[in-house]
Amino acid sequence: MAKIYRETDADLSELKGKVIAVLGYGIQGRSWALNMRDSGLRVIVGVRPGKSRDLAKEEGFETYDVAEATKMADVVAVLLPDMVQPKVWTSEIGPNLKPGALVIFAHGFNIRYNLIKPPSNIDVTLVAPKAPGKAVRDEYLRGWGVPALVAVHQDYTGKALRRALAVAKANGFTRVGVIETTFAEETETDLIGEQTVLVGGLMELIKKGFETMIELGYQPEVAYFEVLNEAKLIMDLIWERGVYGMLNGVSETARYGGLTVGPYVLDNSVKERMRKAAERVRNGEFAREWLNEYEGGMKNLSRMLNEVKNHRLEVVGEDLRRLMRSGR
């Protein structure tokens, strides 16, 4: 059974008098910085000159270059894009960390695949909200929060978990619940979920359904509504009620058809391919492939994005979305 930490398991006094540097001021970084400041903590922002730094200044933060912010900080939240982190770590973060500093990542990718190798005299932890950055801020302001994961990779001070939980509490995560995990589990499940279900799986399922209906002679606009537009309604039901609750929220015809035809379309061969995709994540093959793609200028990614952009599903969808917005 998973260990879940809540409000009474975390103490903000662990961070009293400490300087917290949020590195990066994108959607996630901004939300963390604002939340922790509103929780009474001293927060500075490390970010390069540009629009993000200007925004941080406008919102009342002391801003510094990443290296300078790291030097000043007792707690360093690394909220830069994953693929930017290793280079910035080598040149600006790693050489400037105080002994005993707490470093927090929001995703375990670079630690899991040894792209960042931290020194032995710091604490290294993970605090990973399971929601987009905007929701992290919005739910905090609502007096609630979003669920998160916490993990300890390195505990130099003996206080790594306590301090990470304090950061989680300052962001509102312990109001909902913070699940203890490992860097490996967080990273692998995140990638496997994205590839096989959330991004890759859903996208391809919708595309294949759309293509099938078009090939059978149905109107593209009608097919779009059936396979994409209504997918949100079903996912909302699943999110609110679970899969069983969703089934009780649709018609008996939909319920029977889904339960009998769904396993035929997505049979155990799909699960076998999911396992193969998962193994590529677990053995590092996907990480190596993605790193090569990134360092090579992401030409394959650009090509694939253009293919999606020009797919008939997107062309039809753009027109229909414009039509639906026109009445607002």
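Using N, Cα and C of the backbone, Cβ positions are placed for all residues, glycine too.
The NADP(+) site in Swiss-Prot is built from Tyr25, Gly26, Ile27, Gln28, Arg48, Ser52, Asp82, Met83, Val84, Gln85 plus one of Gly108, Gly133, Gly143, Gly145, namely Gly133. Between the alpha carbons (Cα) of Ser251 (substrate binding site) and Glu230 (Mg(2+) 2 binding site) lies a span of roughly 14 Å. Taken residue by residue, the domain 'KARI C-terminal knotted' (182-327) breaks down under DSSP into 126 helix, 0 strand, 20 coil. Tyr25 (NADP(+) binding site) carries neither a helix nor a strand DSSP state and counts as coil. Those residues noted as binding NADP(+) (Tyr25, Gly26, Ile27, Gln28, Arg48, Ser52, Asp82, Met83, Val84, Gln85, Gly133) have their most widely separated CA atoms at a distance of 20 Å. Ile27 (NADP(+) binding site) sits 19 Å from Asp190 (Mg(2+) 1 binding site), taking the C-alpha atoms as the reference points.
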